[in-house]
Amino acid sequence: MDGDKILEGSIKAASYNMILQVAFRIITFILNGLVLHNVDKDVLGILNVRLMLLIMTILFVSREAFRRACMSKTKDHNWHQVINLLWLTVPTVIICSLTFCYIWLHLLELPAEKYAADYKFAVYMFGASCTIESFVEPVYVFSQAFQYVRWRIFVDCVMMLIRVGTLVVSVLYYPAYTIKAMACGQMAVSTVLVVLYWFYFHQQFQMKAKLIKNKDLHPDDPLLALPLNSVLDFLPKRIKGETFIESDLAFLTWGFFKQGILKQVLTEGERYVMTVFAVLSFAEQGVYDVVNNLGSMAARFIFLPIEESSYFYFAQMLNRQIPIEQQPRQEIEQVAGVLHRLLRALSLVGSIIVVFGFSYSHLLLHLYGGITLTDGPGPLLMRTHCLSVCLMAINGVTEAYVFAAMSPKELDKYNGLMVLLSCMFLFMSWLLSYLVGSVGFILANCINMVLRIIHSLWFISGQYQNLGFKPLRGIIPTMLESASLVFVFAVTATSSFLIYPESAIFHVIIGAICGLVVIGAIFYEEPELMRTVVIAVKRRLGKVD
């Protein structure tokens, strides 16, 4: 795949993934409101914090390193060696499942007696579901490398429907069994995921076999470019004249593995602190999680898909084994341009979230959860989250570039810095939560994000200092964009103090007008962005081929 095709595939993946994430988050948003009004807050804390942390910990620690390593420069892979490496995820997941399930059952504080039995059942089911899910890794990574975007979206939708159906039925008709129902639903999701992927590629390889017999009729069919010919090729095997696993790839995986543990602590640090040190009750954890999910919706359904697709693009375009000065200048110029545009777009989106989040957090929480969320630290939590989301947007793309560009030795060295950041983050989370309550978790995360961004900017600046490209200038909006944001912040903040809550509708109208002002300034300063939007709209209306 050349650079243009990789970029096109990355953009398509980000677009489809964003649509799916938007749909998923909207549904989750509605369901959390449903749960909030029909189930005890303790159940919300057990499901959304304790059990979700268990499954995220097992899967991230055990498989993320393999996925990242095997997605680097996929066109250069010996896929049989890659598949052999990916099968190591199965014993890794088993070890992680046994370890973390034991910790969750015997070392952490258990819920109240009436929930204890259901909680233990759920822990066992979640551990088993992770083990089942590990059997899809070779097929999943292969599908990602060859950009089976629509298939992934379809499978994710099926999984989402199973989860949603299970939760709705249990909450509305069997609220006393919600924890057990969600555990069974997770087991069903993992099983369906594995079956669907293996069956789909069995069908794909059968189609490829037919195409090979009639190659002259379909010479450009993408199936013919697949390096494997049967689902049996997804099984581990010895390779004549080659090592069982490529040593460089194994070393890179080990580096990502150590880094993954630290990154998981950094990403979910506040949950680990509140879980291990029990600084919040399960009910308090449930409310915090609802506000946290509301505050980070943009990060999850916009920034995360962009981060994943950006990493894929940068990993394909950059060769981590060769200094950037020695790589093709045309490709590096394209990479620098993409990085600049990404940083500009995300910095603008993050700034808009901060500006409007300050003035409309209370209204959003009131509409969603009523006095349950607005009475207390909820509005302050939401406003602080907006700042965290802005930092998260910048950090996601800069780290995606850094992880794709670093050599294996640099990645291993970076782990030392991650250890320091992890320890500092955990300490700050504990200290600030002790001093200022639940908002301290978000403040600690903001401090952590700033430090990670500073390191990424230092690395990127060092790479491009002798090449004449300035991709980091994309972080800073233009003067007009900045002025419009400051003006809108002043107007909406004044409205929130003088007009809201007496006239919420008028407050919303002011916000809508201010939003148009900001959008107008952005389109005026970013003509390329405007052209992209116009073309996209015309295509949607069928006016452009």
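From the backbone N, Cα and C atoms, a Cβ is placed for every residue, glycine too.
Please treat TrEMBL annotations as automatic predictions, because they have not gone through curation.
What TrEMBL annotates here:
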TRANSMEM  18-37  transmembrane segment
TRANSMEM  43-61  transmembrane segment
TRANSMEM  82-105  transmembrane segment
TRANSMEM  121-141  transmembrane segment
TRANSMEM  153-173  transmembrane segment
TRANSMEM  179-200  transmembrane segment
TRANSMEM  342-360  transmembrane segment
TRANSMEM  380-404  transmembrane segment
TRANSMEM  416-436  transmembrane segment
TRANSMEM  442-460  transmembrane segment
TRANSMEM  480-499  transmembrane segment
TRANSMEM  505-524  transmembrane segment
Task = Answer yes if the transmembrane segment (380-404) and the transmembrane segment (153-173) have at least three CB pairs under 8 Å among residue pairs 6 or more apart in sequence, and no otherwise.
result = no
Ask   = For the transmembrane segment (416-436) against the transmembrane segment (342-360), do we get 3 or more Cβ-Cβ pairs below 8 Å once near-sequence pairs (under 6 apart) are dropped?
value = no
Query = Of the stretches 153-173, 179-200, 480-499, which racks up the most C-beta pairs under 8 Å with the transmembrane segment (342-360)?
reply = 480-499
Key: Residues of the parent chain within Cβ reach of the transmembrane segment (82-105), under 8 Å, 6 or more residues beyond its termini   = 50, 54, 57-59, 61-63, 66, 69-70, 120, 123-124, 126-128, 130-131, 133-135, 137-138, 141-142, 233-237, 239, 244-246, 249-250, 253
Ask   = Excluding the flanking five residues on each side, which residues at least 6 beyond the ends of the transmembrane segment (43-61) place their CB within less than 8 Å of a CB in that stretch?
value = 32, 35-36, 93, 96-97, 100-101, 104, 108, 111, 115, 119, 122-123, 126-127, 129-130, 133, 178-179, 182-183, 186, 257, 260-261, 264, 268, 271-272, 274-275, 281-290, 293
